[in-house]
Every structure is written in C-alpha cells, then in structure tokens.
Ligand code: NAD
C-alpha cells in the first residue's frame, strides 16, 4: 500500500515526521513517498500543488497531509497561495466526504469550556458533505432585485441544491462510518423550511434500508446546535450538508478545547482519502519543536481505519495516544499544572514507546 506524505508548511513537517515514525513501527510494509505542497510546493516549482505532487496523490492509496500556509505568502495572487493546494487536491481526488471526529479524552476534560461531566469522554463523528450545497450551487452573484418590497435594489443571492446521487454517496459514507462505531446516525437538516433538505431527508431515509443494523434519526439543524452544547455525548455519528456541517463541526471541535488533538479525513467514493489535522500550519510556533503532533498521529490512525482497512492498527495507535495522556505527557497547547510538558519529538517518541 502506497501512502503519499505531504508535510506542507509551518509545523507541518515537524508533526508529520512524528506520524511517519509511528506508521513505521507498526510492522506493516507501507510504501511512503514524500512531496512538497503549499508554500513548499510554490518554493520548489512555482505552484502550491505541483504536478508531481498531484500525480503522487492520485497514485497513492491514501494521502497524509500536514498543513499549509504562511503569512509570507499572503501577498501572492490567490491561485498561487498555499491554501489553494487543499482545494486542488479535494477537487482532483473527488474528496466529497469530510469526517471530523470530536473526541475529548477524560484527561483533557478541563480544556473544554463546558463542564467536565457534560464533555468528558466525548466521542462523536461529524460527516460533512464537502463539494456541494449552497457553497457551490449556481446561479449566484449580485444582481438587481427582481421583485418584492426591495425590487430594483441590489441583492446578493446563492443557490442551495443537492442532487440525489450527491446525497446518496455521503449517506453511504456516514452509514458505513456508523457501522464501525456505535451504529447510531443522526441526519441533520432543515426539512421544515428548505425543499433541498426535505429531499435530503427522504434520500437518507431511503439509503437507510441498506443499513438495517444502524439506528437513524433526523434532527433540525437549530436543535442539533443546541443539543451539541447541551448533551453532546448523546450523538454517535452526525451526517449533514456542506454549510450546516461547516458550522457544526467547528462547534463540536471547540467542545474539546484542544485544537492540537483533532484529526480529520476527506474521502472519495472508494474510501481513498486525504488525512490531516484539523488545525493549520501554526507559523507562530513553527520550528520551535513545541507543536502537538497528536492530531496528525490520530489522522494516521483514521487513514488506517478508513482507507487502508487496518482497524486493529488504528485501534493500537489510538490506545497508545490514550496511554501517553494517562502518563501525564502534554505539549504546550494542552499543558496544565501537575502534568509533564514535552516537545513535539518527545511526544512522538512516547507514542512509539506506548505502541511497543
Ligand atoms: P492555526 O490552526 O495554524 O493556529 C491557530 C492557533 O493554534 C495558533 O496559536 C497555533 O500556534 C495553535 N496551534 C495550531 N496547531 C497547533 C498544534 N498542533 N500544537 C500547538 N498549537 C497549535 O490557524 P491560523 O493561525 O489561523 O492559520 C495559520 C496558517 O494556517 C494560515 O496560513 C492558514 O491559512 C493556514 N491554515 C491551513 C489549514 C490547512 O492546511 N488545512 C487549515 C487552517 C489554516
């Protein structure tokens, strides 16, 4: 199995190196090839997503991605900015299914803004459709308002739309993810107001017939937002559209309070995926050896589970992470009094040791 390793910029190379170290001690024979992306791609060949990098990502069975971006590229024209590499990869690899777990290890319960008893042990997964919805629907723009009380004024407008096949494929991703967890799926919509999301609800209900082992319920997005902060542990897997997923997944991530801990995956129709930490390239701490590598290491675990079909190895990594947290090891972002502060490499080494 071939893994494309794309470290990127800022803390990307430091944290990806730790995940590679972890993959190397699993006793599997992965072929790993590294290529520049983002600002590093621009420096190497004048484009954030060099042709050779895209070719490697296409050939590989999975992509492990660090992070891209640095303030020094902010003056480049938009198509050459590092962040364009992520959009290019999503588009070229057809990555429509975004999986974002929000996990709060009991040892880190104090990091959350919610009361520990509400969030301690939280383990939910948000499946967000990534390439459709009002973010991409046409037509859109600014025009002269054609009717109503504001007729003749300028108005901004966008189009919310979802094709049946688009809903079916993300529903399959979500049901299959639920099968690998607690087998409960909540589909979040706004069917009481939006035609698009009544249609969404009908199609998800239809796809459910193929997954009788998964319990499905439906929830309006406003209620889902409320329940996420009231009783987040009641959820197992949530599936929703691009815009609702954008908002809910950030809210869920912040429930955990620790940005350096959250992995993510973006999948295509065949479960090939790109795996990356939810955080960015953190230029403010790059090169200091203090970044938390756990989100990237946990992204590698997701890669094993969802793209490489190595459940047991994924569990091993996740258990090793739990073990180092139980040992009291903390990078600066999750440090609190009474624990032991460690750097990026020490944390990576501790996970490797815990695996043994
Ligand atoms: P960021 O996530 O990089 O950093 C936000 C804050 O969290 C910073 O204080 C940073 O030091 C801290 N932080 C982030 N990851 C950490 C880790 N692993 N360990 C410890 N602390 C960590 O977001 P930002 O500062 O808004 O953006 C910086 C750059 O990252 C920008 O160029 C932005 O475009 C880019 N970005 C890239 C991605 C991506 O590659 N997928 C995502 C978001 C932002």
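Placed from the backbone N, Cα and C atoms, the Cβ positions cover glycine too.
Features of the protein shown, as given by TrEMBL:
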- 2-351: domain 'Isopropylmalate dehydrogenase-like' (DOMAIN)
- 90, 100, 128, 222: substrate binding site (BINDING)
- 135: site 'Important for catalysis' (SITE)
- 190: site 'Important for catalysis' (SITE)
- 222, 246, 250: Mg(2+) binding site (BINDING)
- 280, 281, 282, 283, 284, 285, 286, 287, 288, 289, 290, 291, 292: NAD(+) binding site (BINDING)
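Each residue contributes its Cα atom, and for residue 288 (NAD(+) binding site) and residue 250 (Mg(2+) binding site) those atoms are 27 Å apart.
For the binding-site residues 250, 284, 290, a Cα-Cα cutoff of 10 angstroms around residue 128 (substrate binding site) retains nothing. Only 280, 282, 292, in sequence order, out of the recorded positions 100, 135, 250, 280, 282, 292 have a CB under 6 Å from ligand 1. Secondary structure at residue 128 (substrate binding site), as computed by DSSP, is strand. A Cα-Cα distance of 26 Å separates residue 90 (substrate binding site) from residue 190 (site 'Important for catalysis'). Between the CA atoms of residue 135 (site 'Important for catalysis') and residue 282 (NAD(+) binding site) there is a gap of 26 Å, rounded to the nearest whole number. In the three-state DSSP assignment, the secondary structure recorded for residue 100 (substrate binding site) is strand. For the substrate site, whose binding residues are given in the record as 90, 100, 128, 222, the maximum C-alpha distance rounds to 28 Å. With 280, 281, 282, 283, 284, 285, 286, 287, 288, 289, 290, 291, 292 listed as the residues that bind NAD(+), the site has a largest C-alpha separation of 16 Å. A Cα-Cα distance of 35 Å separates residue 222 (substrate binding site) from residue 284 (NAD(+) binding site). Residue 284 (NAD(+) binding site) sits 21 Å from residue 250 (Mg(2+) binding site), taking the Cα positions as reference.
Note on proximity: among 100, 246, 282, 290, 292, the binding-site residues of the record, the Cα nearest residue 190 (site 'Important for catalysis') is that of 246.
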